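**Q** One structure follows; several queries about it will come next.
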Amino acid sequence: MAASAAAAELQASGGPRHPVCLLVLGMAGSGKTTFVQRLTGHLHAQGTPPYVINLDPAVHEVPFPANIDIRDTVKYKEVMKQYGLGPNGGIVTSLNLFATRFDQVMKFIEKAQNMSKYVLIDTPGQIEVFTWSASGTIITEALASSFPTVVIYVMDTSRSTNPVTFMSNMLYACSILYKTKLPFIVVMNKTDIIDHSFAVEWMQDFEAFQDALNQETTYVSNLTRSMSLVLDEFYSSLRVVGVSAVLGTGLDELFVQVTSAAEEYEREYRPEYERLKKSLANAESQQQREQLERLRKDMGSVALDAGTAKDSLSPVLHPSDLILTRGTLDEEDEEADSDTDDIDHRVTEESHEEPAFQNFMQESMAQYWKRNNK
């Protein structure tokens, strides 16, 4: 009933209409997968079945019904064999390959948003592989850019009874919060083994944590004491819930915190994402305008150079122009040229015929006078 009430409260408060994405992170052995299994069963029992995504390519069996399973897309063993990688390298490469198709996953989530109020994403056991990889960043930012996204950090309470180990977990939680910049919930799992009240006391009471540290005599305790002062402000705004993934206790409080985190996303994180998207769009449009302006200037320069070259070369005819000019002379000019040629030809012939005729007449007269004198 808590899940349904939280969802109804979220809708009534004008909260997000999209499904809330719960990105489950945690150290290996902290109980992430068991937590997702319990969460899935709880939501099914409440009549609000979640949309579940498994991003662990190395898991042998998934103990919950997954709508999308990375193992159906990427074969972890084949990736290791083909690229000659170890276990962690195989997980990173598998996530990288899957991230190239994550736009299709986003489309599936959008189609299912009317049927599912929550999207559960189970990540690989090697937390650093997902948190600090490029593919993990792509997946996280893709979800956060479209849907209310909450990071759930699952912590093994039974292994955090030592102040130094507890501080290490808190430092890792702080680094993930700083990296993702999303609403954050620390789930202290395995409360069926040990109650998480000691951890809450350490977070709220600095002196109680100092008393626990005084029992440690190693040099690490001095470093932990210094870091606890730095993280004191971090604790004040941190959402903490104690949960038993085996027994299912603490889930009601968890969904109350999820509702609060989703409202925080809509109130603080979504405007920031919209501002970033708008600034990126403005920068892109400005870049396009600058490119168009440079192109316009280049085209104007080319046109000006072409006009200058044409003016400077106008007295000189192109060979094609010469051919056209020779082929389009006026007929009168052609006839005049032809008549002139004929006159010149006749004048030349007459000039040669007149001396020959005079010689012929002289020879004839000479012969005539010669015959008469005889």
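Numbers run from 1 along the shown chain.
The backbone N, Cα and C atoms fix where each Cβ goes, and this holds for glycine too.
As listed in Swiss-Prot for this protein:
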| type | residues | note |
| --- | --- | --- |
| BINDING | Gly29, Ser30, Gly31, Lys32, Thr33, Thr34, Asn189, Lys190, Thr191, Asp192 | GTP binding site |
| COMPBIAS | 330-342 | compositional bias 'Acidic residues' |
| COMPBIAS | 343-354 | compositional bias 'Basic and acidic residues' |
| MOD_RES | Ala2 | N-acetylalanine |
| MOD_RES | Ser301 | phosphoserine |
| MOD_RES | Ser312 | phosphoserine |
| MOD_RES | Ser314 | phosphoserine |
| MOD_RES | Thr328 | phosphothreonine |
| MOD_RES | Ser338 | phosphoserine |
| MOD_RES | Thr340 | phosphothreonine |
| REGION | 326-354 | region 'Disordered' |
| SITE | Asn88 | site 'Stabilizes the phosphate intermediate' |
**Q** Do you know offhand how many angstrom separate Thr33 (GTP binding site) and Asn88 (site 'Stabilizes the phosphate intermediate') by C-alpha?
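**A** Cα-Cα distance, Thr33 (GTP binding site) to Asn88 (site 'Stabilizes the phosphate intermediate'): 18 Å.
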**Q** I'm trying to understand the geometry here, so how far is the Cα atom of Thr191 (GTP binding site) from the Cα atom of Asn88 (site 'Stabilizes the phosphate intermediate'), in Å to the nearest whole number?
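**A** Pair distance, Cα basis, whole Å: 30 Å.
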**Q** Using C-alpha positions only, work out which of the binding-site residues Gly29, Gly31, Asn189 is nearest to Asn88 (site 'Stabilizes the phosphate intermediate').
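**A** Looking at Cα distances from Asn88 (site 'Stabilizes the phosphate intermediate'), the smallest one goes to Gly29.
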**Q** Please compare the recorded positions Thr33, Asn88, Asn189, Thr191 by how many other CB atoms fall within 10 Å of each one's CB, and tell me which has the fewest.
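**A** Counting other Cβ atoms within 10 Å of each of the recorded positions Thr33, Asn88, Asn189, Thr191 gives the minimum at Asn88.
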**Q** Going by DSSP, is Gly31 (GTP binding site) sitting in a helix, a strand, or coil?
**A** coil
**Q** Need the DSSP three-state call for Thr191 (GTP binding site) to compare against my parser.
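**A** Once the DSSP labels are grouped into three classes, Thr191 (GTP binding site) ends up as coil.
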**Q** At 10 angstroms around each C-beta, which of the binding-site residues Gly29, Gly31 has the fewest other C-beta atoms nearby?
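**A** Each of the binding-site residues Gly29, Gly31 was scored by Cβ atoms within 10 Å; lowest is Gly29.
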